[in-house]
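Trainee: The structure's right below; bear with me while I get my questions together.
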Amino acid sequence: MQATKIKKILIALLVVTVVGSASYYGYKKYTSSKTTTTAKFATAKVKRSDIAVTVEGTGTVTSAEETDIYSSNGGIVQQLPFKLGDTVKSGDLFCRIDDTTSQKNIDTDKNNIAQKTLDLKNLEITLDNLYIKAPIDGTVKSVFAASGDDVASLKPAYGGLAVITAGSDGSLEIPIPFPQSGKISQVYVSAGSTVKKGDTLFKLDDSTIKNNMEAIKLQIQQLQNDLNTQQNNLAKTSIICPKDGIISTLNIKQGDYVDNTKLIAAIINPSNLQIVVPIDEMDIDKVKVGENATIKVDDIKDKTYTGHVEKVSQVGKTTNNVTTYDVTLSLDNSERLKVGMNVNATIAVEEKTNVLAIPTEAVTERNGKKYVIVQSNTSSNGITSKGSSNVQRNNDTNSSENNSSQSKNGNSSTGNNNQSRNNSSGQNSTNRNSASIPGKLVAVQTGIQNQNMVEIISGLSENETVIIQFPQSNNSNQNMMRSGMNGMNGGFGGTGNGAARTSGGGGRN
């Protein structure tokens, strides 16, 4: 019984071994025969060209000239004849603020000025009465007042300030009457003086009246200043459009209260346009004032606009953890552009003209040096991509060795899969690198480059031909077989995880 059991186990192991070996060699033969590698080539001439390194961004057409409008004083918006987007002309009435208070203050000031002017007129009349004059031609017979005398103290003793005689014989005597009050400040005549009608005889003190007159004049001036202020305020209730343009901002409506700190509107000049493009913080250091730019507009597909960098903002804007800086582009021509249009801008951050250049994909880099394949006239001078692709083959080999080393800790089924994969990988490398390239490998020194072209500083001459290699592999059958093997290994049990890892490694190779 024991011998029979052992015999059955040995037979089962033999079957497993045979099936596994057959699967391996079948897989190897299938992949070897079905996997093909082709290499396509393109050629390009070394020629002189202009190369530009660019930074791109999406921006918006804006106006380069914007005028803000504020109210100069507070009040309620009574009249607003325009709406957002309307076209306005310089001198148009933009809006009117309630002028009731200003008008009332103006009326009050005018009335007060009129009253004070009348008071001043009366004082001027009074001032004129302080001068006591001769009522007739004649001779001063006697004078009863002296400078400094109070009129009130003279009245009881004398019948007047002086007496004037008239007539050829002096028989007519005319007394000079006392004023109601005052003090004699100056006497202009003496006894025996000859006077004419209207000559000044005495002058009363005028200091009090003059002081009153100066006070009234000051009051009138203050009232006039206030009147001017109120008239200015009244004028400011009518807000006038300062320039021609389009209303781009409107922050008020009829009935709103405004003060002199609130921006009520903004007017833009639609004929003076610019582009504002937010540039990512990773590229902003490359952008400098004066650099050239080209602009494309989705809505104007038949035209490309040009301009240059006018300003680079020093303050960034962060949205969703992405920081950008606004770059302002001036336009050489803004025909057909409108404010708000979206544009695609390309800024040339580095440019070289008339330099030797080849397609960027013609250059390969190995061990820190750059190479190109230069086309030769004879196949004897040719090289094979096997010789030029040792780096790739070595990487494949190292990858296979690493995976094989890892599989030593697994079971026999996993080990067989690794061996199969390594052999297949080696075969692929040989096929892929077997195509002969009719050219020679030349080291070059490169300059600036973009996605399409690279500058050649040294190593190539104008009109030489370089080869661009495009390898293409067809591994669909190989992948199909590998998938079948993975399924088979899984069927034996206990090696599913190892087979999955090996399949992944093969995919990477």
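Each position is counted from 1, following the chain as shown.
Yeah, the Cβs are placed from backbone N, Cα and C, and that goes for glycine too.
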Trainee: Quick test of your reading of TrEMBL: among 31-65, 206-240, where does it put coiled coil?
Mentor: 206-240
Trainee: Using DSSP, how many residues in the domain 'Multidrug resistance protein MdtA-like barrel-sandwich hybrid' (181-267) fall into helix, strand and coil?
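Mentor: Summed by class, the stretch gives 30 helix, 28 strand, 29 coil.
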Trainee: Using DSSP, how many residues of the domain 'YknX-like beta-barrel' (275-347) fall into helix, strand and coil, respectively?
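Mentor: Tallying H, G and I as helix, E and B as strand, the rest coil: 3 helix, 44 strand, 26 coil.
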Trainee: When DSSP states are grouped into helix, strand and coil, how many residues of the domain 'Multidrug resistance protein MdtA-like barrel-sandwich hybrid' (68-153) land in each?
Mentor: 33 helix, 25 strand, 28 coil
